[in-house]
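Structure first, commentary second.
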Amino acid sequence: MISSERMAAVDANAAALGVPSKQLMESSGNAVARAVRSASDPGDAVALVCGRGNNGGDAFVAARFLADRDVTVHLLGRPESIGTAIARENWEALHAAEIPSETVADSADFDLGSPAVVVDAVLGTGVSGTLREPARTAVEEINASGGRGGESGGDGAIVIAVDVPSGVDADTGEPTGGDGAVAVDADRVVTFHDAKPGLERLEADVTVADIGIPAAAERYTGPGDLLGLGRSPDSHKGENGEVLVVGGGPYTGAPSLSARAALRAGADLARVACPASVADEIQGYSADLIVRPLPGESLGPDHFDRVAELAADQDVVVIGPGMGNAEASLEFVRRFLADFSGRAVVDADALRVVPEVETDAELICTPHQGELRGMGGETAADPNERAELVRAFAAEVGHTLLVKGRYDVIASDDGETVRQNRTGNPGMTVGGTGDVLAGTVGALAAQTDPRTAQTDPRTTQTDRNAARTDPFQAAAAGAYVNGLAGDAAAEANGHGLVATDLIDRLPDALYDE
Ligand SMILES: NC(=O)C1=CN([C@@H]2O[C@H](COP(=O)(O)OP(=O)(O)OC[C@H]3O[C@@H](n4cnc5c(N)ncnc54)[C@H](O)[C@@H]3O)[C@@H](O)[C@H]2O)[C@@H](O)CC1
Ligand SMILES: [K+]
């Protein structure tokens, strides 16, 4: 089962793996033609009703595979306004092949005739809102032509929908125009790659066609995992997230790297709460950070009130970098997490405390293999076996996990979703790259999800967490871009790369795909 959003991501990942959308469209069109053939006889009239997006494009391809049927392609709108290059190329190929086609400039002129099969390729997953003309009339004509919803009471044409009946939301099965709005009532649906939750709720007979998307496009992170992380062009300071790094004491580099990575990964503000003994040093590394000194030389339970107060207005807290493993510092982390209900990235020595603590917080834990074992998790040499162990352990602890390794493994807090990341290189075993990753994930998890940004004022912490990027997506995207930045750094510096090299390359990795 796959959502439309994930489908778009997998499509982009497939393209990055050398299987571009045009190739997938060829397979989709072929699958639609197979369904048409099984529903008709040679010589039968087949009407393909096509919109100007890729859903229509699938049907342009299908027409080429139906040489022994009496095919007519109806394009809704002008050919010049076909929206994508691959659909346009397939429209042109149709002409070159002399396949009969007509363009429907005015919906009033739309005449389907009385074909044996109608292919509904008006709209696929790209639909939003109430159907506009000429799509609306076309959908009504399709419904009137036959099928269960047809005026002829089922004796008319067989209606085969491409990917999803036009006007239906593939995620919910509801009309995109709202309750009772017009949408195609299909007899059959040929959907691609995987089942869609909304299609299960329809009466139509749904088949899933394998269109050759490699399994790796789902198993591994890719550029598709960055979709939906875009910053809104009209956002103002604070909207792209404020991150508080809590750490330092025995070490000064780690919290500084995390905080600077958070800024490069798009956070508007990065603060560091650290022992006063190292505050000047951490500030000295960078003018971009806001440093909040806490009395003493290492984190301890006395700092709880102050840190809880600082954390209250943050989008994400990154806790652990460079704090060391003194018992008092671990006790501080226990108290902090037990009380916290926001969102936190937990790294380094703070990780071992996680399995002991009952918390309402949403945690993203970023252990390496050794730290995972320290938390009570298991690991394995085989990447797929490791992925399975991490998935099960994430469900057990109830938090998102990002386990670092040659292949990173990311698992959702319910253990339902697991993904691997294979960007990165052996040069990244140098100290500090994990701190960069924690800061990067913190920044991505601090962003407001553009899809929920318009919701009502969010008053509770739970509402605020829900309005942000999904923690699993933030972790998967963070692992992917951290590895890309590391690969760019290795290109420049070979195995001599250092963690600060990654930080400067994060913006390119994130935004210049
Ligand atoms: N892996 C994939 O994602 C693949 C997708 N393919 C096909 O591509 C489809 C998605 O293509 P697109 O993203 O181009 O989108 P669609 O072809 O579904 O729709 C986009 C078009 O619909 C118009 N539109 C949107 N809402 C409308 C409304 N309410 N009334 C009237 N017009 C409206 C848009 O202006 C745009 O022209 C899938 O459903 C599938 O059929 C296949 O080609 C193969 C691979
Ligand atoms: K359709």
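Using the three backbone atoms N, Cα and C, a Cβ is placed for every residue, glycine included.
If you check TrEMBL, you get these features:
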DOMAIN    7-219  domain 'YjeF N-terminal'
BINDING   54-58, 124-130, D163, A254, G322, H368, D435  (6S)-NADPHX binding site
BINDING   N55, D120, S166  K(+) binding site
DOMAIN    221-513  domain 'YjeF C-terminal'
BINDING   G434  AMP binding site
COMPBIAS  449-464  compositional bias 'Polar residues'
Least buried by Cβ count (within 10 Å) of the binding-site residues N54, N55, T125, S128, S166: S128
Position of peak Cβ density within 10 Å, selected from the binding-site residues G57, G434: G57
Close in space, distant in sequence - H368 ((6S)-NADPHX binding site), Cβ under 8 Å, 6 or more apart: V403, K404, G405, G434
Site of maximum Cβ density within 10 Å, from binding-site residues D120, D163: D120
Residue pair N55 (K(+) binding site), T125 ((6S)-NADPHX binding site) - Cα distance, angstrom, rounded: 8
Rounded Cα-Cα span from D120 (K(+) binding site) to D163 ((6S)-NADPHX binding site), Å: 9
Candidates near ligand 1 among the binding-site residues N54, D163, S166, judged by a Cβ under 6 angstroms: N54, D163
Mean of pLDDT values spanning the domain 'YjeF N-terminal' (7-219): 94
Euclidean distance between Cα atoms of S166 (K(+) binding site) and S128 ((6S)-NADPHX binding site), Å: 10
K(+) site shell beyond N55, D120, S166, criterion: Cβ within 8 Å of Cβ centroid: V49, G51, G56, A121, V122, L123, G124, V139, A161, V162, D163, V164, P165, G167, V184
D120 (K(+) binding site) and G57 ((6S)-NADPHX binding site), distance between Cα atoms, whole Å: 12
Rounded distance in angstrom between the Cα atoms of D120 (K(+) binding site) and N54 ((6S)-NADPHX binding site): 13
Binding-site residues whose CB lies under 6 angstroms from ligand 2, from N55, T125, S166: N55, S166
